[in-house]
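Have a look at the structure below, then the notes.
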Amino acid sequence: MVLLKEPVQPLPRSSLLYNNASNSSSRIKETRKVKLLYNPLTKRQILNNFEILATLGNGQYGKVKLARDLGTGALVAIKILNRFEKRSGYSLQLKVENPRVNQEIEVMKRCHHENVVELYEILNDPESTKVYLVLEYCSRGPVKWCPENKMEIKAVGPSILTFQQSRKVVLDVVSGLEYLHSQGITHRDIKPSNLLISSNGTVKISDFGVAMSTATGSTNIQSSHEQLLKSRALGTPAFFAPELCSTEKEYSCSSAIDIWSLGVTIYCLLFGKLPFNANSGLELFDSIINKPLEFPSYEEMLNGATSGITMEEYTDAKDLLKKLLQKDPDKRIKLADIKVHPFMCHYGKSDAASVLTNLETFHELKVSPPSSCKRVELVSLPVNSSFASLDSVYMENFDHNNLRTGADRNSTYSPSIYDANTLSPSAYHNIGSRESSYSSFSSFTSSTAFASQISIQDAPAIGDQQCLIGESGSSLRVNSCEFPQYTTMSPVGEYPFESTEASLSSTLTPVGNVPQRIKAHLVEGKSNSKDDLRIEADASLVFEASDAQRTRRRMSLYKL
């Protein structure tokens with residue numbers, strides 16, 4: 001059980017609550033060079049000085065990884081942001097900077113408060129397509145208010161939290177919001193999943209991907225007008241304020257937006273369901289704008305985790321929510337008034353001297369200690385490879401036996417029962433039937449890159465003239481089962497492969513004298529694709545056998 005902190009008291013103006021942006025940003029390390037390595041023994045990637053341990057979450061604007069600082073042993077969270085936007089109709093050569101990346105960085109640079117997740121370091125290599133934010137790690141994870149087996153959008157209550165547990169969460173969030181608003185920052189996406197709990201029970205506001213700033217003095221922060229034009233499409237619709245849902249009148253980007261989403265959050269924590277819900281976006285917006293606020297009855301509340309609440313406490317909770325979820329933003333309650341509201345100050349019979357959280361609700365992720373394995377040579381990976389990137393599905397499932405040099409593979413191969421004309425060494429065979437990806441076309445002819453990243457799987461006999469066709473995003477993947485061919489997909493045309501045959505031969509070191517013939521042709525992509533066109537290559541190499549079936553293996557390479 002984890003002890004939640006006592007209610008947060010208002011801080012003096014000289015405290016962290018009123019730290020200015022310059023003091024906060026000076027604490028943050030900025031690194032302009034990114035190096036990505038792979039440890040074949042631990043099967044883990046290493047980003048600069050951080051060993052990647054696990055995936056913490058996948059958001060709309062980036063994936064978050066758990067990592068260990070190899071210098072200090074401290075655990076951190078690393079958020080991975082795409083430097084460039086994906087836009088329909090653009091080729092790989094035309095890249096558009098993602099404005100939200102700089103926006104999030106500039107906002108987080110201004111923040112240093114105990115109830116806001118802290119930014120430690122920015123890994124921003126101009127040559128990388130990713131930007132990495134090294135953040136404070138909150139081991140208890142996000143605040144949960146409905147059972148694990150229930151989708152939040154379909155939750156009907158009751159909440160798995162008590163009123164007192166919810167009150168403790170809200171006090172910390174109010175403290176964090178008060179700080180953000182004092183810095184001219186509107187979070188724009190306050191919701192339970194963006195409220196993280198540290199190991200000591202402190203609740204911290206996280207995820208500033210859609211945050212807005214009215215602060216001056218930074219040229220990287222978009223103007224208020226630009227932010228307003230984009231804000232209606234960003235965030236979580238179920239937590240949108242009415243002024244975000246209506247297009248009939250203009251609105252200003254104000255702290256009232258966060259007050260409303262805080263009200264929706266408190267409603268979820270107390271009653272275990274969303275205050276406004278619908279089957280479609282338009283219905284949801286209409287409900288938020290026009291539907292009156294409703295509450296479960298006191299009798300219903302007594303059947304859930306809140307069975308110990310008093311009628312007075314229940315009445316105070318409803319009164320606070322009515323003031324938070326006020327349709328008119330000008331009439332919404334202020335943060336200072338929330339802290340002194342009777343519900344926040346009330347202590348009923350459900351309270352105790354110390355409030356313990358439910359381990360099922362706020363469990364702490366267990367992380368194994370650093371490995372004490374012997375020294376191993378790390379494999380250097382290209383930083384822009386879709387295969388090697390930290391948010392790649394290939395790398396997350398990658399088999400470390402796949403990372404071997406040509407010499408290693410040859411030394412471990414013993415012909416034994418295999419025919420000399422059949423490619424069957426165990427080091428080659430069936431590495432999860434996964435494709436390998438590369439950062440540039442030149443890597444197809446690079447012996448080191450190719451030797452360390454290959455995927456080989458059984459293919460039908462040559463007599464079977466069928467084709468295997470599958471989709472991969474915006475590309476049409478063609479793995480022909482005809483005689484050996486090399487297929488390339490490109491928005492610009494065919495590539496010459498005169499030198500490829502020699503490079504492949506020397507790199508793969510096939511068993512026996514096997515003729516290898518490679519040809520290339522262009523395959524058209526899907527015309528209605530909304531994603532960027534992608535270059536894809538599939539090489540099928542035939543290794544003839546002496547048996548009647550003419551057994552063969554297929555090797556596939558992909559640049560995604």
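Cβ atoms here come from the backbone N, Cα and C positions, even for glycine.
Features as listed in Swiss-Prot:
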- 50-344: domain 'Protein kinase' (DOMAIN)
- L56, G57, N58, G59, Q60, Y61, G62, K63, V64, K79: ATP binding site (BINDING)
- D189: active site, proton acceptor (ACT_SITE)
Out of N58, G62, V64, D189, give me whichever of these recorded positions has the highest number of other Cβ atoms within 10 Å.
D189
What three-state class does DSSP give D189 (active site, proton acceptor)?
coil
May I ask for the distance between L56 (ATP binding site) and D189 (active site, proton acceptor), taken between their Cα atoms and rounded to an integer number of Å?
19
One should report the C-alpha separation between D189 (active site, proton acceptor) and G62 (ATP binding site), rounded to whole angstrom, as 15
Provide the number of Cβ atoms within 10 Å of the Cβ of L56 (ATP binding site), excluding the reference atom itself.
21
